[in-house]
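These notes are about the structure you will find just below.
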Amino acid sequence: MAVISVKPRRREKILQEVKNSSVYQTVFDSGTTQMQIPKYENKPFKPPRRVGSNKYTQLKPTATAVTTAPISKAKVTVNLKRSISAGPTLNLAKKPNNLSSNENTRYFTIMYRKPTTKKHKTWSGDGYATLKASSDKLCFYNEAGKFLGSSMLPSDSDSLFETLFKAGSNEVQLDYELKENAEIRSAKEALSQNMGNPSPPTTSTTETVPSTKNDGGKYQMPLSQLFSLNTVKRFKSVTKQTNEHMTTVPKTSQNSKAKKYYPVFDVNKIDNPIVMNKNAAAEVDVIVDPLLGKFLRPHQREGVKFMYDCLMGLARPTIENPDIDCTTKSLVLENDSDISGCLLADDMGLGKTLMSITLIWTLIRQTPFASKVSCSQSGIPLTGLCKKILVVCPVTLIGNWKREFGKWLNLSRIGVLTLSSRNSPDMDKMAVRNFLKVQRTYQVLIIGYEKLLSVSEELEKNKHLIDMLVCDEGHRLKNGASKILNTLKSLDIRRKLLLTGTPIQNDLNEFFTIIDFINPGILGSFASFKRRFIIPITRARDTANRYNEELLEKGEERSKEMIEITKRFILRRTNAILEKYLPPKTDIILFCKPYSQQILAFKDILQGARLDFGQLTFSSSLGLITLLKKVCNSPGLVGSDPYYKSHIKDTQSQDSYSRSLNSGKLKVLMTLLEGIRKGTKEKVVVVSNYTQTLDIIENLMNMAGMSHCRLDGSIPAKQRDSIVTSFNRNPAIFGFLLSAKSGGVGLNLVGASRLILFDNDWNPSVDLQAMSRIHRDGQKKPCFIYRLVTTGCIDEKILQRQLMKNSLSQKFLGDSEMRNKESSNDDLFNKEDLKDLFSVHTDTKSNTHDLICSCDGLGEEIEYPETNQQQNTVELRKRSTTTWTSALDLQKKMNEAATNDDAKKSQYIRQCLVHYKHIDPARQDELFDEVITDSFTELKDSITFAFVKPGEICLREQ
């Protein structure tokens, strides 16, 4: 029991001090003043235990007893006769802030957040944790070195990284332990930044009592200190208190100028970094996350930087040497107020999706204007320029987009929302509403073009929250009257990115619609655009004005002017740059001999149609063209054709060919499929533009016992992704039947290395999209592309038109390798060509080869000499502009013009077939493909001619 000896005259003063103390109480009973103090029992000391911990913190005394001493004027001696057992000690020092390098200290990385009841929790920040060998306490710091709190180790050491620790007002979890010297050094540097700042006090911190130990082991202290409250003073911050969040940058101009900002990534610690360009107002560099940057190829690095410049409204830089890599340097550029969107028109397979994801991730995490967002204490922006991004794409690509986000970023880093096909309309609207209003859960919404219309009302209400729009397969927006396009316009999203492989073929009206959506007003109104560009360019391309020098020069001038405007925000590269990254690809065009039933069907249809070539136009003859294309595939498709039923149903020979399923192309197809199945271990994709044709092919494959799957317009959207995945992963599936128009866009079918294009489409982009399904990133095997064409029929005319139709697209989208002024100025197939379109050449091995070459087809690559075609054309122009011409001279000029046109067509087709070998199977039995060569005996009578463009290596096994 502790006894206090006090003189009588000081009793009242002491009692007054005791009365004011919260530790002791003064009780007055029966008019007698008596002080009662706690009684100390002589038993082992039991230290306090933290809730949730099984470890005790014990006190180690410096003396076992305190004896009584006379009280001086300023001091009082306390004799606490208490026996304290020896044992583990409690460290009563302040929170650990000693961050010096200690070999016995372990370092960890951590993730922390505020406690939340959300279903999908996210971490708000990263930091470090330290653990000294002599301590059981983890100390937590944020990435700037600020102390967050501490927590005791769990009893089970195996659950160290699964335990959710409580540190101050945060939940903390260990990520991994730092082992590398460089990592430990970086952690020490980060923690040493705040060494001078005292750690925040906690309720468990106790103030130590200063004492002087005399010979008797006594503690002497002031009397007032003995009975006063033992409290901790509130920590007074050295910074001025504000009502704003401590990490928010002060908004006063004076503080903003004094604040120094730093990029999210240190450019000095990244190998070959990608540093974005900026304007003069930028406060910090934007550097592409090395997590993605290390996977980007050179053309993709340039693409990401180009798109960033466009969306940030930066003018195009002047690059003196395009071969020099400028992606590692940040250029200060002028602002371009006309531009806020970009059209990425790269060929299929160049990685447009990866480039887009890289741009999205960069804008979500970083911004060049750090003073406008919340920053850490060290001046690093905590949020990016964009918070909500809308991705609109065909429904077949929704799953692919989400997989790509997961592949490159991991969905734990970025929140990606897709609307389930099982949702009701109300559920979709609620999901979109929550996406826009809840900030941290999702950053990207991927939605199909059709679904966009059903949730347009919710998007319209909160359109100010959408920071960026991405439209995949953006050429779908070329129709100005489209509801989808008008819905997207109503959202008024400033930053827009359109992705497409073929944005334009031969229609400047569609081109204007797309460009005006990306950057509104950059081409003026449609009326002014039509007056300044469409009319002059169209007149220059009209064959009736081909010799009018004035019109041609004006058209060329307007074309150059348009190119100068659009190249500021359009990027177009061909897939030729992929040759060094992908396996070799062999292109084979096979001309298949038509069956006699097909020839009979052609004659009956053309006679029954009673064509008037004087009034014939392409639009009016479209039904007949479709019917003739079906005959090329199989005569059995004729009976169900609408045009045939309404115009030619009374022909005498209808039954002789309408019941026949055989055709030259079907014979070659089934022989190829059998050769691929028996001679290789590869898979094959068969593409057609008609589901009826796919039905016939599917029946033939079933009869041959060939396992396959099919994707066309009748397949529900929710099943398409699983069909593609099953084909790519299941080795038991041999074939994939694909509808070019319904499923040929954006699909990744790298499980197959051979593709057969059974029929052609007027639009070359449809066929190019379909053929690029297998030769793309992820393909490991050499690829073979087969195009089947019926000899001498409409199939060949379509092929010839396809070879030339890209001229306008190449001109305005910058395919420099194929750019040719003459090819861009002329429509190679005018109305007169329709007459030839409906003719059947039965006496030729290949009408296309007859147009361009007279070789013997021995498999040699033909070198074409440069022609004087342009000079001849200019001469004809000059001669045609004279004031008067006789009838004889006029007839002569017309004949020369016709000859000149034929020569031009031949020249352009030759240019498109450069590097192709010309093979006549009757003279040469090596077609540079083991499957065709091994099946040559069966195919010799079915293949009349072939164009082959071999890959880099010969796959023929010796």
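For all residues, glycine too, the Cβ spot is worked out from N, Cα and C.
These figures come from a predicted structure and were not determined experimentally.
What Swiss-Prot says about this one:
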type	residues	note
BINDING	I380, P381, L382, T383, G384, L385, C386, K387	ATP binding site
COMPBIAS	202-212	compositional bias 'Low complexity'
CROSSLNK	K649	ubiquitin cross-link
DOMAIN	333-521	domain 'Helicase ATP-binding'
DOMAIN	665-824	domain 'Helicase C-terminal'
REGION	189-217	region 'Disordered'
MOTIF	506-509	motif 'DEGH box'
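On the structure: features taken from Swiss-Prot.
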residue : record           : Cβ neighbours (10 Å)
I380    : ATP binding site : 18
P381    : ATP binding site : 26
L382    : ATP binding site : 16
T383    : ATP binding site : 16
G384    : ATP binding site : 19
L385    : ATP binding site : 21
C386    : ATP binding site : 21
K387    : ATP binding site : 17
*Between 0 and 100, where does the mean pLDDT of the domain 'Helicase C-terminal' (665-824) sit?*
84
